[in-house]
Amino acid sequence: MKRHRPSQSLTPCPHPGALSPAPRHPLVSRYPHIHKAFITIEQLRWSRIPVTEEQEGHTHTFSRDGEDKRVVKAEVDATAGKDTLIGMVTSGISDLLVLKNTGSAFTNFIRDTYTTLAALSDWIFSTSVELSYIFAPVEIKPPSDEQKLEFGVPAEEVGVVGGKEGGLWDAVEVVKRARDVMMDVFAEDDSGSVQATLYKMVQLIIAQNAGIESVTYVLLNKHYILVDMKYLDVDNVLPP
């Protein structure tokens, strides 16, 4: 059990994507032999426990709100020189389990001697989602203080890219938009195939976030195997 100093309230931590370049940047600036630094941050979902007296949830008690995580992987590169620092960040969501029991199909695909999958116009679509997106590289202002701890963000980079939302320093809002897109499309799209649904998600995420260069999805199928219950005189194999 981990113990920390108690507090009456908790200030939410920004999304890790907004913090990631800062911890590593002193390393490559301070030590001559270090030219690259890497970090991976995972943020779990927590919600305040609802209690009768407090509509907003309890001030200092929490419960896990799902198994999915926000993830960021970052690199600071000084191989071109200690005065030329480049930050590269990949962010996303992992372990998000979703399911829809209708509104999904898989038909009209190529069939050959290796095909074993039956074409179905309606089936269960259940998967564990792994989403990652790569931000455009950003320049990091070299530190000027003696301890090499100062962290500078170019003013023109804050929150926008070319006047549009969706840059690295807008990471808190980017992940919200990406999650909303993923949930909305998954729920509302009358899916012709998993691939078609994924393509729509990727298009929207890139369109809404100018600083994202590429988006990758990995959808791991969750299979639900039907158990034939005829031995109990229950015909559950064929639809009613």
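Note: Cβ is positioned from N, Cα and C throughout, glycine not excepted.
TrEMBL annotations:
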- F106, V194, Q195, N221: urate binding site (BINDING)
- F106, V194, Q195, N221: 5-hydroxyisourate binding site (BINDING)
- N221: O2 binding site (BINDING)
- 1-21: region 'Disordered' (REGION)
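Least crowded of the binding-site residues (Q195, N221), judged by neighbouring Cβ atoms within 10 Å of its own Cβ: N221. Cβ neighbour count for V194 (urate binding site) (all protein chains, 10 Å cutoff from its Cβ): 16. Taking a C-beta cut-off of under 8 Å and a sequence gap of six or more, F106 (urate binding site) has these contacts in its own chain: L117, A119, L120, W123, G192, S193, V194. Listed in chain order, the extra residues whose Cβ falls within 8 Å of the Cβ center of the urate site residues F106, V194, Q195, N221 are F125, S193, T197, L219.
The full span of the recorded urate binding residues, F106, V194, Q195, N221, taken as their largest Cα to Cα distance, is 14 Å. N221 (urate binding site) falls within a strand segment according to DSSP. In three-state terms derived from DSSP, F106 (urate binding site) belongs to an extended strand segment.
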